[in-house]
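*Asks:* Right, I'll just put the structure down here and ask away after.
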Amino acid sequence: MKTSDYLKKYGVRLKKHLGQVFLSDDRIAKRIVKAADLTPEDVVVEIGAGAGTLTEELTKTGARVIAYEIDESLAPILQERLSKYPNVELRFEDFLKAKDVPEGAICVSNIPYNITGPLMEKIIEWKFKRAIVMVQKEVGERILAKPGKKTYGYLSVVVQTFYEVKKLFDVSRSCFVPNPEVDSTVVDLKRKPVDLDFEKFKKFVSMIFAKKRKTLKNNLKPFLSIFEGVDLSRRAEQLTVEEIVELYEKWRRALECSRG
């Protein structure tokens, strides 16, 4: 049965405020799952199960699947599609408020468009060892962007600091119900052995990108004494991830020393 048929069967009305766009092409779901290369020993977290197209393919691998879905009106569809699989657990809750996500799991998801930024931060916070996520094409470009590119910014830096990033493939808007206005991109993120305080780090990155066209000297004005001898004439968008981490460490150490 097609995704659109399931929606009609159970009279599900799409909720605009949730940005609901459901993957309807089984071939894309299979391609994503193949790229994940899952084993029965893996624990997989899916954010936004939707109508279950990707969820069903994930369960077929034998991995333990924990699927989050905020919209309980989709429960009948998900239960019909997944009832024969003992290795899937449905959690009807907001992933952004989740408290017991297993650390070191693998995230495989079609990320809800309206909360992509916060969800990417949660992926970092929960320390997923790998994440294969489908996002809006424009968001994918920002995640993958290199220094000097117009799309390089806060999201590029925070994701690339903690993950090796790689583009897998693009997905046409025609593969979704309803058809969104933009195409999507699937990206592969592999966790780096980085030990940084994410809350402090994202605060620093937000600060240096606060006014993107301004130089570091402008954006770091309250902390100029910390960076004495450092060239602050460039803009944040011109710095590599490694250079930003180096500046952050200098800032963090100085603040810790000042607090005793």
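Cβ atoms here come from the backbone N, Cα and C positions, even for glycine.
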*Asks:* Kindly point out which candidate in E69, E72, E138 is recorded by Swiss-Prot as part of the S-adenosyl-L-methionine site with L23, G48, D94, N110.
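*Replies:* Looking at E69, E72, E138, the one Swiss-Prot places in the S-adenosyl-L-methionine site next to L23, G48, D94, N110 is E69.
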*Asks:* May I ask you to report the DSSP-based helix, strand or coil state of G48 (S-adenosyl-L-methionine binding site)?
*Replies:* coil
*Asks:* Given a 10 Å Cβ-Cβ cut-off, pick out the one of the binding-site residues E69, D94 that has the most other Cβ atoms nearby.
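*Replies:* Selected residue: E69.
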*Asks:* Relative to the Cβ position of L23 (S-adenosyl-L-methionine binding site), how many further Cβ atoms are located within 10 Å?
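*Replies:* So the number of other Cβ atoms within 10 Å of L23 (S-adenosyl-L-methionine binding site) is 24.
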